[in-house]
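Asks: Residues annotated as transmembrane segment in TrEMBL: 20-41, 61-81, 87-106, 133-155, 167-189, 210-235.
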Amino acid sequence: MHLTESLPLLHTFTSVSGSFLFAFLALIPIADPLGSCLIFYQVTEEREDAERRLLAKKIAIYAFMILAFSIFIGEFALRFFGISLHAVRIAGGLVIAVRAWSLLNAPEQNADRKQKEAEQGGRTMALPNGLDAAFFPLTMPFTIGPGCIAVAISLSSYRPAENITKIFNFYSGLLLAVIFVCLIILLAYTFCDKIMKVLGKSRARILSRLAALVLLCIGVQIVGTGIQGFLMPIFHQP
């Protein structure tokens, strides 16, 4: 029996819609655009609206580049170091689950950590040109941190090994998910002042908790798939 026939989750990645939905639901909670945009507003509050919009565009572009690079290069890097896909799924799933658990139980601590990363001890927004901070620290690690990169690499491990059509659908779905995530980041950061007035901190944290619950379930599912992949050869030995 072929591995993909025995792991139901893998069939999700043979269609564009399946790959898109799974990747989007995995990436959006850990990127947490709503929670991040509130902090982004705080650290750019003294900046002009035009500069803030330009900063948001740069962050979204950098975020897309980082995630797309992780998706396309991740699997090849793992092969180079001799790391099995099952190990990546277990490790990546654990990273996702632990991250989701911390978001679920202490979103306030996560918000404080992100604010410190964005402010760099108060130095970031004191730069003569705030755009100098677009890549570091506002894109990495504030918007796209190690957790997002780990998720992207874990998603790349689900690439179908059957035919070109399914591989094309797989990468198309993942790229669409990355594009949508980056568009949401762009919109959230661009209109962070309006979102701040409508939602406020308390409602944003409630939404972050709900997203974290979904992320936790996804992390557990990925771990389960990795464990199943390790155990299958043992139970199917003649």
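Every residue, even glycine, has its Cβ placed from backbone N, Cα and C.
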Asks: Is it the case that the transmembrane segment (210-235) and the transmembrane segment (61-81) touch, counting contact as three or more CB pairs under 8 Å in which the residues of each pair are 6 or more positions apart?
Replies: no
Asks: Given a Cβ distance threshold of under 8 angstroms, which distant residues of the chain, six or more beyond its ends, lie next to the transmembrane segment (61-81)?
Replies: 27, 31, 88, 134-135, 139-140, 143-144, 148-149, 152-153, 155-157, 159, 171, 174-175, 178-179, 181-182, 185
